[in-house]
Amino acid sequence: MRYLTAGESHGPSLTAIIEGIPAGLTLHPADIDHELQRRQGGYGRGARMSIETDQVQISSGVRHGKTTGAPITLTVINKDHQKWLDVMAVGDIEETLKLKRRVKHPRPGHADLVGGIKYHFNDLRDALERSSARETTMRVAVGAVAKRILAELGVDMLHHILIFGGITITIPSKLSFRELQERALHSELSIVNPKQEEEIKTYIDKIKKEGDTIGGIIETIVQGVPAGLGSYVQWDKKLDAKLAQAVLSINAFKGVEFGVGFDMGFQKGSQVMDEITWTPTQGYGRQTNHLGGFEGGMTTGQLLVVKGVMKPIPTLYKPLMSVDIDSHEPYKATVERSDPTALPAAGVIMENVVATVLAKEILETFSSTTMSELQKAFSDYRAYVKQF
């Protein structure tokens, strides 16, 4: 399985092409639209999400509600493009129009300046448009297809926010996977403690009035992945490493942890390692899950626990100082539409990116020309692991 995305933030549309999806997977536009709507939700989202009502168009690879095994083409129309026809025109236009909405005051923390240097841009909008988080629309669309594969194999997942702009969420003890999932899904903030909702909403409103932004830490948990996905035999075969790269490729993500993560640096080996158990009914297990479901770059059969840290959005309504790329004089950075926080949306993106990596690994590991073939191979492997 592989995919490419294309499109600009204010261009006519966004596109993804996915190759390697088994034939016979039940797939409808509504499956993808559901995930796209989740991405657009969450408290703190700004004006752009009130303009766009993202809906996917599937133009290849699916017929009568089933995948055919051919490449799948997904497209999402940018409604806001109608206001940017001159700025984003494909053909050559008058010089005066080219200067319309030209970006020459790069934003600290964004790709504007370095992108302009790398690709020799006189207008930094050429970097801004592609590097925008709008691209993650298609990452979610691809992830929605991946989640359909995982669902057919009994793999489920959730995400929730652990830290919201410096406010640590108190996680109620002994919540099951399903309880965590339900609480997060029914929260505008993707948190599992409803008692903290108003405190955080008030804080977001305060940040918005200040023209500032906040980041935080997101946790994605996956249930139903058997032991043995990934490999230790080469550095690039390790599944946790693949997940780390994918999560860090999401806009504004700056760090990844598995299990208790960086807290391991403060603990002894006897406190961190997960003792191995065995029962006739369950097979092998672990007393704890400090390592987040990974050993040697391979899944252990425990819950996969992946955490990602998102920096505050770099576009500020009270912009920081920058430099004019023409005169090299100090100027305030360019202001584009922005949100005080995008953590709930980023959680949806992270969840779908993790789903994509896991689906890809499964498709590469098991015979998967058709879904029925994949389901049998996956089921047989589960049975093997249980009796090992």
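Placement of Cβ uses the backbone N, Cα and C atoms for every residue, glycine included.
Pulled from Swiss-Prot, these are the features on record:
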BINDING   ARG39, ARG45  NADP(+) binding site
BINDING   ARG130, SER131, SER132, ASN251, ALA252, GLY296, LYS311, PRO312, ILE313, PRO314, THR315, ARG337  FMN binding site
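Taking every protein chain shown into account, SER132, THR315 are the binding-site residues, and of these the Cβ with the most other Cβ atoms within 10 Å belongs to THR315. Within 10 Å of its Cβ, the residue among the binding-site residues ALA252, ILE313 with the fewest other Cβ atoms is ALA252.
Looking only at the binding-site residues ARG39, ARG45, LYS311, the densest Cβ neighbourhood within 10 Å occurs at ARG39. Proximity of ARG130 (FMN binding site) to non-local residues of its own chain (separation of 6 or more, Cβ distance below 8 Å) is seen for GLU8, SER9, given in sequence order. In the three-state DSSP assignment, the secondary structure recorded for ALA252 (FMN binding site) is coil. If you take the Cα of ARG45 (NADP(+) binding site) and the Cα of LYS311 (FMN binding site), they are about 16 angstrom apart, rounded to a whole number. DSSP assigns ILE313 (FMN binding site) to coil in the three-state reduction, outside any helix or strand.
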